[in-house]
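Listed in Swiss-Prot:
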BINDING   52, 53, 54, 113, 141, 142  L-glutamine binding site
ACT_SITE  84  active site, nucleophile
ACT_SITE  178  active site, charge relay system
ACT_SITE  180  active site, charge relay system
């Protein structure tokens with residue numbers, strides 16, 4: 001198994017470490033790579049788009065040539081997980097986006113950028129998961145908000161109280177929060193099971 005973390009901006013090393021730990025817990029052979037160039041996509045079984053700043057990530061993905069190949073691979077069934085800004089990158093509709101911003105538009109959700117306010121308004125809270133009874137501590141940092149599910153294909157994956165904060169659509173997972181900033185690898189393990 002080969003997992004690529006888009007390594008252009010954001011919390012890349014944390015996702016790499018969390019994915020390595022999840023691979024070990026699942027007792028799978030595998031490697032995790034720092035994706036910076038399109039030629040590195042050869043042989044990749046799954047991709048993670050980390051948090052950071054969505055405008056910067058979008059611009060850098062286009063500049064490095066990663067944008068179009070990743071979009072095509074995801075449309076063809078490649079498992080992808082986007083967290084925080086990564087969720088914005090995956091979303092079909094983005095409120096508060098500028099006209100020049102370009103998104104992958106592969107996940108049937110409408111999101112609102114920075115819906116929780118500035119970095120000082122960041123918080124941690126227990127999140128309920130669809131696949132596990134034990135709460136997960138969600139780290140929300142200038143997080144986007146999922147405001148609408150746009151098709152029946154989108155299934156809620158995580159809730160903060162009664163509000164959906166994580167979704168799954170076939171091969172795609174999108175999360176408002178940062179699972180890589182905890183020592184809990186359950187979400188990364190769940191994602192990796194899409195590959196095996």
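Placed from the backbone N, Cα and C atoms, the Cβ positions cover glycine too.
On the structure: features taken from Swiss-Prot.
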{"residue": "54", "record": "L-glutamine binding site", "contacts (Cβ under 8 Å, 6+ apart)": "85, 88, 89, 94, 101, 103, 113, 144"}
{"residue": "84", "record": "active site, nucleophile", "contacts (Cβ under 8 Å, 6+ apart)": "50, 51, 52, 141, 142, 143, 144, 175, 176, 177, 178"}
{"residue": "180", "record": "active site, charge relay system", "contacts (Cβ under 8 Å, 6+ apart)": "11, 14, 15, 17, 18, 50, 83, 188"}
#### Entry: Span of 52, 53, 54, 113, 141, 142 around L-glutamine - largest C-alpha separation, Å
13
### Query
Should residue 54 (L-glutamine binding site) be counted as helix, strand, or coil on the basis of DSSP?
helix
### Task
Rank the recorded positions 113, 178 by the number of other Cβ atoms within 10 Å of each Cβ and report the first-ranked residue.
178
